[in-house]
Structure formats: C-alpha cells, structure tokens
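According to TrEMBL, the features are:
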{"type": "REGION", "residues": "1-20", "note": "region 'Disordered'"}
{"type": "TRANSMEM", "residues": "31-53", "note": "transmembrane segment"}
{"type": "TRANSMEM", "residues": "83-106", "note": "transmembrane segment"}
{"type": "TRANSMEM", "residues": "141-164", "note": "transmembrane segment"}
{"type": "TRANSMEM", "residues": "198-217", "note": "transmembrane segment"}
{"type": "TRANSMEM", "residues": "237-259", "note": "transmembrane segment"}
{"type": "TRANSMEM", "residues": "279-302", "note": "transmembrane segment"}
{"type": "TRANSMEM", "residues": "309-326", "note": "transmembrane segment"}
{"type": "DOMAIN", "residues": "352-472", "note": "domain 'FAD-binding FR-type'"}
{"type": "TRANSMEM", "residues": "476-495", "note": "transmembrane segment"}
{"type": "TRANSMEM", "residues": "617-637", "note": "transmembrane segment"}
{"type": "TRANSMEM", "residues": "657-679", "note": "transmembrane segment"}
C-alpha cells in the first residue's frame, strides 16, 4: 500500500517513492520491527504486573520480592534510599523504554510501508469486524465507543479496583487481628483507622490513571504514534482518565477528612506543616480544588460558551502538579516520566511555533468561511497526511485571543506537490469571527494602495501535523464519507489524495466512494465546490474510480433559498447536483475575493519541521537527552543539596528542585540536539521560487471602498463570468430533508457482498451516533458468512 510516509523529497521539492530496499535489508527491518513490538509488550506487562504483585502479601519473613528489591537498591542519587526503589524499575523505566521503542517502530513501519508501495494488488481477505472500528457503545458521555475503547476502560477499572480492593482487604485483616490481640495499643476506633487505610490506598491506586492521563494530552506522544491514534481521538482518553483520577482523589480526601474528624484531629486538614517527606494535607486539598475547577470548566456546556475561561483555567494543571508534589513528594517515580514526555512535547511545540509562518493568501467564500493558505516547504522533510490537522495561532488578533491555539483540518494534501497548506475556517466563535474581520480589514486597506504593491505581511503560528499517520482509508475498496457542514473539509483532502494517487497510477486504491454531505443552506456548498475533481484528474471515471456525491440541504425556511429554487422546497425531488440553480462554482479556481499577502523576504517563511511528530530519530534523541538531563540534575541535587531529608528540605523545597530539573533538563540537555536539528535543517533549506512573481494584496476587481456587505455579494453575482451554476461533483441534491441512514445502509448492504467498507464521519455528535448505530447494525458479530459485509467506523471529528 502506498503511503505518504514513505515519500522521498527530490532536489526540486517533489515527493516521490524511493527505491525498494534489498531483500536482506527488508528482512532485517522486519526482524527489528517485530523485536521492538515484543519489547514494548514485555515492558508494558512489567508495568501492569507491578501493581498486581505489590498488592500481594509477603511470601517470606523478609517480605515479598518487591520488598527485598527495595532493600537492595538504595540510592541517594535516584532518591530511592530503600523506599519504593522498585517503582523506579517497574514504573519509570517501562515508560522510558516503551517510548523509545515506539519511535523505532514508527520509523521502521514507515520504511516497510514504503517498500510495500512497490507491490501490486493485495490479496483479498475475508471481511471481519475489528476491535478498533466496531462501535460497541453508541451513546455515552464519552461519545461513541469502539470495542477497543471499552476494553481499555474495563482494563483500567479492573486494575484500579483490584489494587485498591486487594490492599484494603489484606490491611483490614491485619488490623482486625492486631486489634483482637491487643486493643489497648489503638488510640482510635477500628472503624476510624480503616478509613485512614482506605484513604491511603485510594490515593495510591489513583497513581494508575494519573500517570496515564499525561500520555493522550501530549499531542505528538510516541505512544499515540505507536498505535496510530490521532491526538483528536486521544483527548477522550485524557478526559476519562482525568475524571477517574479526580473521582478517586476526591474520595481519598473525603475519607481522610472523615478520619481526621473522627480522630479529633480536624485542624490537620488546614495544616501546611510537613516534616521530612510526610504529607501536607492542605496542599492536597488545594491540588484537588484546582483539579475540580479544571474539570468543571472543561464540560461541554461551559467550554462552548466561555472558551477563553476554559483555556485559561486549564493551565491550573501546573498548580495541580506542584501542589501534588507539595502533598506527596514520594509518589514522583510513578508519573515523572509521562510528565517529562509531556514537557518535551510542549518544548518541541514551542520551538516549532516560534517560527512565524507567512500566510500566502486568504479567500472569502460565499458562506462566510475563509480559505487560508500557509507557506510550507517539502525540502525540509515536512510531510503531512490527507487527514492531518494543525493548530493555528494569529498574534495579530486581540491581546487575549492571540495566545489561543485552535485546531483545524486541512483541505490540501501532500500529493498536490505545492509549497502551501490550505485550511478552511468557518466563523463560529469569537476567535474565528475576529479572524475573518481582520482579513476583511486587510482587504479594505489593500484597496487603498497601488495594485501589485506589498504593504504588509500576515503571520501565523502553526503547530503540526497531527493525525493518523497510516492513510488507513486506502485499505478499503469501498468508502463512505459523511460530512456535516464545515466537517466536510478533511473529506475533501481525502478525495484529493485518492484522485492524485489515481493520476500517478498507484495500485490497490478505493474504487467506489460515496460522499454524503449535509448543509443547512445552499451557499454552504461552496466548501464542497472549492475543489474541482476534473482539475486533478479529468475523466477520472475512466480510471476505474466512481465518486457519488449526495447532498442534503436541511433547512426548510424559504428565506434560506434564493427565488429560483424556493418552489422546489416542498416537492422533495432528487435534483441533479451538476445543474442545480442554487449553487455555483469557479472552474478556474480563482475568485475575485482572494487576498494575496506579501512575504517576509524573497521566499516565504515556511512551517518548521521541528515538531513532536517530526523525525522519530531526532525526537527520540531529544527525549532521551531530556530524561538523562533530568536525572543527572536531580541526582546531583539529591547528593549535594538535599543532605538531610528530615530537615531543611521539606516537600516544598524538593518540589522546586524537581520542577527546576525538569525545565533545565529539557531546555539544556534536550535543547542541544534540538539546536543541532535546527542547524541541519537550515543548512539543507533551499530557496524555492513561487508561481506568483509579485505578491498582491486586496480584492481584485473590487471597488475602491468596499464594505463587508459588498464582499459578501461578490460571488452571488450571477453576471460574474468566472462562475458556473451547479457543482463540479457528479451527484444529487435534496432540499429540506435529512438523510435516512437506515435506508441508505440497507441499500449499501444489499449492493455489496463480503466487503470491508470504510465509513468516515466528520460532523456533530448526533450524526456520529446515527452513522455508528448503522455500522453496528449491519456488521454482525455472530452468524456471519462469506457474503456478510463489515462497516468499519472511523470518526474524524474533533470538538474542543
């Protein structure tokens, strides 16, 4: 299967497939690939087994294996000193090794996929459901859950419940036996003491989800790249793990409050005092309150209405982390490596976003959306995928909003072989609306200067690419694409990618693609019409590709339609999309409302290739250097600064040392290979000539004093010779109705036999649930035969 990850950049900047490796080298790569996967499985099991074994009673008078191990590996440098030394080996080390091996797997997988692009057709396999694409739970507070999602959730719940329950059970047995033998030694009642033990084990078990929640929130996490999970999908795991952690930590606090009140020690709840590494209760209370504030403001109701508050308050995770260490410094080995990986991820994102990127042009579409094109350079090795997404920030916006990063899908693809990245943005909130107003303002400014002049530039911060690195959609012969409103943008990039691959003569590609596009008003079809398939590959039907487009305009209000088609609303007829009077498109792909910006110099400033999703070799080097740097600095601090743990250095001082070592280890030790990577890219950067000889600004053919209302009317002018009625896509359109998914899937299920059918959904939650329900209904787990189809569900929506 051809894959863009295996592309080679030629001297002229074109992406081509490299020569296939020799058979011996290919076999060696396969051995290394499977050996790395085996190592990942082994060390992951090691991490899980520690939690299971640490809960078991001693198997000898000297304690069980882990107790004996703790006693034999005291280290002031690594801060074990005979206490929880096994945590360093069985909890910290597995994260390090699995992260590095994951990058090895990613790199080898790219090379192996590249070699497979030289093969011809693949053999036909029997249709069968997959754990990752079978929607098992349709409606839940986390949205649609696949079988893999449910297994992960159940696995974590089992591990947490077993660890907590087993430790409580064994401790309660010992307490009851000791209480019966000598009750006078107990100052408090047995019930109150059990509350204290239960609270302690609840907090200890919370280390499981707390250590894991840092992984999905790291946008370029090696773990996510290993399993090909896009960041936008991993966010739901972060939400779930965070909720579980907060639930357990809140119970932990409540149980301790009951204990302190019952033991007449209520003043301890508001105490800052710590001695050595004992805990500060008030610090734990503050950490929990900060966590609960983050959770409340991240709820959909709050986040959608007051995004700026959500964005700001969510940075309380720094307060949460610091006060957690104030509270229980000894737990650091459980989660320090995931936190370090998160810090490295933030560091690389900061480095990438510091390079301001030139906006080449902006196009105002009929629906009010904006198509923005950014400068990128293929010569630096920055490759992205059809379903990739990017974070954007515009420093020229307001003081508050210029700090915000927002997530968008691309409509372009690497197969375009252009030095630009295209993104369509629909003004829905304050940030996107302000962005559109800024572009319109620039257009008015441009009208007051001489044509072909370059009065200003427009800069953006860009992070990415994120998303699936596998181009999984190429595995299906039949694709069903479902897009709601602006959610159609990633599907357009997918269509462009497939068309380009047919143009290049690649094998084993999707042969039939169904596109179902739902919009509220007809003018919203301008996004779909922004791509003309005939410009990529004319007569693509002759190449064996069948693309069928079905458009549904859901509004039933006559005010949303022009006079020519208002009479068709009540007829419920299926109309021809190519001749539909309610929409238009520009076959020359040039609009009178395209704004061209000047650039920083002779060549535009392009997107930096230094990112968490960049070269696995460089990212792995930076991760390893940062971890080594942290442990070296922290170890030296433990030896030369923290000389007495029972005095002078309380949890507060040691926390400050740990935070300083994390920052310095990442920026200094990790910064050295980052600087070398940057210099290497700078040396290999080549100047590229762009098609436009002179940058332009302003709206062509516009009046000297255009208002925003004038801008909105330009594409609606029927006299404009650049536009044609209808759509460049072959298909149908229905007015004032929604798709009947049950009927659609019944028809598709009858049309195909024994097929694996890919279903990609980009839209609102209700649309995802409706389509996922039909995928589940028509993909039987039992009673299957050779004619049974499997509808593989792939959500590609992101709601933040």
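Here the Cβ of each residue, glycine as well, is placed from N, Cα and C on the backbone.
Taking Cβ pairs closer than 8 Å, the transmembrane segment (198-217) reaches residues 51, 91, 95, 156, 159-160, 163-164, 167-168, 171, 223-224, 229, 231, 234-235, 237-238, 241-242, 244-245, 248-249, 251-253, 255-256, 259, 328, 331, 334-335, 338-339, 341-342 in its own chain, all 6 or more past its ends. Taking H, G and I as helix, E and B as strand and the rest as coil, DSSP gives the domain 'FAD-binding FR-type' (352-472) the counts 30 helix, 39 strand, 52 coil. For the domain 'FAD-binding FR-type' (352-472), the mean pLDDT of the prediction comes to 83.
Through the fold, the transmembrane segment (279-302) approaches residues 239, 242-243, 245-246, 249-250, 253, 256, 260, 268-273, 309-310, 313-314, 316-317, 319-320, 323-324, 326-328, 651-652, 799 of its own chain, all at least 6 residues removed from its boundaries and within a Cβ separation under 8 Å. Count of Cβ pairs under 8 Å against the transmembrane segment (31-53): among 83-106, 237-259, 309-326, 476-495, 617-637, the largest is for 83-106. For the transmembrane segment (476-495), the residues of the chain that approach it from at least six positions outside its boundaries are 369, 386-387, 389, 408-413, 423-424, 426, 510-520, 524, 527-528, 530-531, 533, 547, 748, 752, 755-764, 767, 771, 791-792, 796-797, judged by C-beta separation under 8 angstroms. Three or more CB pairs closer than 8 A are found between the transmembrane segment (83-106) and the transmembrane segment (617-637), so contact between the two stretches is assigned (pairs 6 or more residues apart). Sequence-distant neighbours of the transmembrane segment (617-637) (same chain, 6+ residues past either end, Cβ-Cβ under 8 Å): 77-79, 96, 99-100, 103-104, 107, 220, 222, 336-337, 340-341, 343-344, 347-348, 610, 657-658, 660-662, 664-666, 668-670, 672-674, 677.
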